[in-house]
Amino acid sequence: MNPYILAALLFGLGLGTTITLASSHWLLAWMGLEMSTLAIIPLMTQNHHPRAVEATTKYFLTQATAAAMLLFASTTNAWLTGQWDIQQMAHPLPVTLITLALALKIGLAPIHSWLPEVLQGLDLTTGLILSTWQKLAPFALLLQLQPANSTILIAFGLMSTLVGGWGGLNQTQLRKILAYSSIAHLGWMILILQFSPSLTLLTLVTYITMTLSAFLVLKLNKSTNINSLATSWAKAPALAALAPLILLSLGGLPPLTGFMPKWLILQELAKQDLALTATLAAMSALLSLYFYLRLSYAMTLTISPNSLAGTTPWRLQHTQLTMPLALATTIALLFLPVTPAIVALLTL
């Protein structure tokens, strides 16, 4: 892609999200969401493959549906209450509709089925943008809507953690596994949204860091399915040793960073007398942990088959920037000891 066009698209992506983050009026928020959707579409189709075109079409249709719902709900709110302000949502009908529209935008269960299919059709870089940056704007709106709809948010959260765990069990394609991982993590964020918005933000930041790290590892190894992970030790031995730790951090095992948000969320749910919800969420984390362990096993404890199709590749010099990967990996693995400081900041 022409670098000037790429720069313009990335600028549009950033501008769209920034407009939504800064807006207090529903029309401006909707405009920002549309800008970021339209800016990512050419990035999704840049490698002219039928799968990429199919994924882009699915993505465009779901995002257009969600945007239309959001516009309809905000207009209904203005009609019923005379308010366009995001924080002046008093009527339950538009609030529920907007919650549904934003859930469709980020891919919460039970309206999640577009996300694995879309992610599977994209290259890893665009998939990374879709899994991280594109979640920021809808989350900013959800944070401003809370605590209007407690039951629907808890239902979405629990379903997402369970579907994210179950869905990833039978997958062999890494992008689909990361899509289900994304759904499960979003479920954890939505569960705690109304009780502790700051904790939701902390979980979102940790999720983005760990996902960035995981995507960059796969990009460096050029891996798209579980079998191709077996050759990663020949390309980057040190990275092959660290990658399972990144995956286990995504699964939420102590003493890695990923344990921190899960631990704090379960603690907060217990404080709110939601012991059953906390138990179900913790059990669903075990489902996710299984497929992360499966990936770790494929990466470190199996040797690639020496057939012509799967010959162990030469250890060639790669051209990818490794500084973002190094920073993301450090944060994804070693930030658990600073939990007391983070908790102190959250309670300010």
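Backbone N, Cα and C define each Cβ position, glycine as well.
A TrEMBL annotation is a machine prediction, not a hand-curated record.
Feature annotations, reproduced from TrEMBL:
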DOMAIN    23-287  domain 'NADH:quinone oxidoreductase/Mrp antiporter transmembrane'
TRANSMEM  60-80  transmembrane segment
TRANSMEM  92-115  transmembrane segment
TRANSMEM  151-170  transmembrane segment
TRANSMEM  177-195  transmembrane segment
TRANSMEM  201-221  transmembrane segment
TRANSMEM  233-254  transmembrane segment
TRANSMEM  274-293  transmembrane segment
DOMAIN    289-342  domain 'NADH dehydrogenase subunit 2 C-terminal'
TRANSMEM  325-346  transmembrane segment
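In this chain, the transmembrane segment (233-254) lies out of contact with the transmembrane segment (92-115); the count of Cβ pairs under 8 Å, excluding pairs fewer than 6 apart in sequence, is fewer than 3. Long-range contacts of the transmembrane segment (325-346) within the same chain, counting only residues at least 6 positions beyond its ends with a Cβ under 8 Å from a Cβ of the stretch, are 196, 198-199, 202, 206, 209-210, 212-213, 216-217, 220, 242, 245-246, 249-250, 254-260, 263-264. Tallying C-beta pairs under 8 angstroms between the transmembrane segment (274-293) and each of 60-80, 151-170, 177-195, 201-221, 233-254 places 151-170 first. Sequence-distant contacts of the transmembrane segment (177-195), counting only residues of its own chain at least 6 positions beyond either end whose CB sits under 8 Å from a CB of the stretch, comprise 103, 106-109, 112, 115-116, 118-120, 127, 131, 135, 139, 142-143, 146-147, 150, 153-154, 156-165, 167-168, 171, 203-204, 207, 211, 214-215, 250, 261-262, 265, 268-269, 272, 277, 281, 284-285, 288, 291-292, 295. Taken together, the residues in the domain 'NADH dehydrogenase subunit 2 C-terminal' (289-342) have a mean pLDDT of 79 on the 0 to 100 scale.
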